[in-house]
């Protein structure tokens, strides 16, 4: 390969990376606007696990803050769960290198989970509850007004199917929620972002990823089964994931079976109901989004290239 070829290839990689970054910025910005996730004067506590999703969340929020029409603070928080072999130095070194306020919370949730959960059983449920309580407490201590989590579009769809298959509910992850005691607001700014985009972005940025030895590496999890099912659908039927996500944004209560959402009992002959679709059970295919948008860089490799960011953060 000649020097000219190398230069052209580098330019192409850089162009595609910048395009990927802009798409993530746009998706996060749209989610923030659609659900009023961040407001003037907010102090946003970004929960940083050391995985690709939370790194990307922090990076994009820092980028967006530079040109945001409102002022808000960001503080990164990591929960050190005292897992054996956990590289405690990685996150502090990274956060110091980019100049972000941060707090490392040390709690031996690993020991609690191992004590309470029999060997071979899934630890996710207990681990999640313990983490949630600690993060809520930490947000109060820091004076944070919003807690930002790194769940993305694929996580939301996986949760939808998990609840349908195993819980008997049509329920997903909300992009924004209020805690049971009403004291905390949790936001998911990556709600519109695809996991494939996040993975490519994290690889391109060379984030120092820390694997989870509690839950992420456990085999045969129900979530992993659902994830593989969705990935297979995505390969076989391009656009299906986009259509499914569109579906949870377009709910028609009159065409489901939940009597709490729609008053079926009082329907009478001759009634004319506004904004009710009547006997139309299946929308015409041409009205359903069937293909992803702006994905012509889908197969690009951004690993070994000098990057030019839209906004470089130091």
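Using the three backbone atoms N, Cα and C, a Cβ is placed for every residue, glycine included.
Swiss-Prot annotations:
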- 49-54: motif 'PP-loop motif' (MOTIF)
- 124, 127, 215: [4Fe-4S] cluster binding site (BINDING)
Within the predicted model, mean pLDDT of the motif 'PP-loop motif' (49-54): 96
Number of other Cβ atoms within 10 Å of the Cβ of residue 127 ([4Fe-4S] cluster binding site) across all protein chains: 20
Residue counts (helix, strand, coil, in that order) that DSSP gives for the motif 'PP-loop motif' (49-54): 3 helix, 0 strand, 3 coil
Coarse DSSP state, helix versus strand versus coil, of residue 127 ([4Fe-4S] cluster binding site): helix
Cβ neighbour count (within 10 Å, all chains shown) around residue 124 ([4Fe-4S] cluster binding site): 17
